[in-house]
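**Student:** Below are the features listed in TrEMBL for this protein:
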- 1-25: signal peptide (SIGNAL)
- H225, D227, H240, H250: Zn(2+) 1 binding site (BINDING)
- D232, G233, D252, E255: Ca(2+) 3 binding site (BINDING)
- E280: active site (ACT_SITE)
- 322-343: region 'Disordered' (REGION)
- 323-335: compositional bias 'Low complexity' (COMPBIAS)
Amino acid sequence: MKISTNVKLLLSFLSVLISSSSVIAFPHFFPNISSIPPSFLPNTTTAAWTAFHNLSGCHSGQKVPGISKLKNYFRYFGYIGNNNTNNFTDEFDESLESAVRNYQLNFNLNATGELDDTTVNQILKPRCGVADIVNGSSTMHSGKASSMTGHSVAHYSFFPGTPRWPSRRRDLTYAFDPRNQLSDDVKRVFGSAFNRWSEWTPLTFTETSNYLTSDLKIGFYAGDHGDGEEFDGVLGTLAHAFAPPRGLLHLDIDETWIVDDAIGSGSTTAMDLESVAVHEIGHLLGLGHSSVEDAIMFPTISSGVRKVELDRDDVEGIQVLYGTNPDNNGTTTGPSFGERETSGGHRESLALVQMLFVAVGLGFFVL
Ligand SMILES: [Zn+2]
Ligand SMILES: [Zn+2]
């Protein structure tokens, strides 16, 4: 009798564990690509937006299965108004053509309104879940006129109303959702990401263990997690964060996150955690998306790429909101901008060094 009661207790305990883990599970972190077991690597053919491949070449006037899903994509990121919420058809209509054209403008592509290969490839890239166009006003391409050319130049943006942390709150605290049970290694990645913003501003960021009272709250979640912004499984949207003073930074628990690969993993499915964290912190502080491809606030990032250094565009934007770091010289002409850390750059220089060694080796052999 006593045994069966214990078994029942154990079963109910296990069922609580299982049901709670379906809401909050544990994210998967790996130090680098070679530490990921092959069986664990997610299948990209089932990734969130893979089916959009089939829409390459589509243009206005056509009716193609899958167009309605693409309209949902454009609605999610602000390119189609919220009035047209449901009942999307598979017609490539005027509203979709205009959405595609605005998307192309924001991403520096030829603004044809047609789904050419380049546009579809850009659409497929993993990205931030924050909309590019908020409340109908384009926040990415509405740049100020360049004094040199008189043309509009794309640059940093803010959320509507330019929300920012008030001047009495320059020392912000951050904490991690305790349910994720993050390791110190993972927490250090966020610490490094915060430092990249404090270096250029009067803001400071201090970790606290008090999740409920911290200014900034970081957590990994799956699917619908209660804020109306669902995550979508492998790739697709990677993370999102809310403008000041909400202070919420959420990451998709279904991604495979790389935490310790200084040159970028080159993986086709794993994402560099710090790269995504630096971007989302920009939103926590009040920055919107930028059309500048090298900027941290550009909305997309490819898997396996590491991009963690602020661009001049990011620094100029954040300093409009908060001013310069009094401990730094605060100018945007520092050396950091010439030495951007990306996987591509390191790969190229590595390849060059390898070629030099081969050339020197061949020279010796010939001699
Ligand atoms: Zn974003
Ligand atoms: Zn969320």
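Just so it is clear, glycine is given a Cβ too, placed from its N, Cα and C backbone atoms.
Give me the lay of the land around each of these features.
**Tutor:** Packing around H250 (Zn(2+) 1 binding site) is summarised by its Cβ count: 23 other Cβ atoms lie within 10 angstroms of its Cβ, all protein chains included.
Counting only same-chain residues six or more apart in sequence, the Cβ atoms lying under 8 angstroms from the Cβ of E255 (Ca(2+) 3 binding site) belong to P27, H28, V234, L235, L238, A270, M271. DSSP assigns E255 (Ca(2+) 3 binding site) to coil, not to a helix or a strand.
Classification of E280 (active site) by DSSP places it within a helix.
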**Student:** Within 10 Å of E280 (active site) (Cα to Cα), which of the binding-site residues H225, D227, D252 do you find?
**Tutor:** none
**Student:** Counting across all protein chains shown, how many other Cβ atoms sit within 10 Å of the Cβ of G233 (Ca(2+) 3 binding site)?
**Tutor:** 17
**Student:** Please report the distance from the Cα of D252 (Ca(2+) 3 binding site) to the Cα of H240 (Zn(2+) 1 binding site), rounded to the nearest angstrom.
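**Tutor:** Answer for this pair: 9 Å between alpha carbons.
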**Student:** Given the binding-site residues D227, H250, E255, return the subset with CB under 6 A from an atom of ligand 2, ordered by sequence, or none if empty.
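**Tutor:** So the answer is D227, H250.
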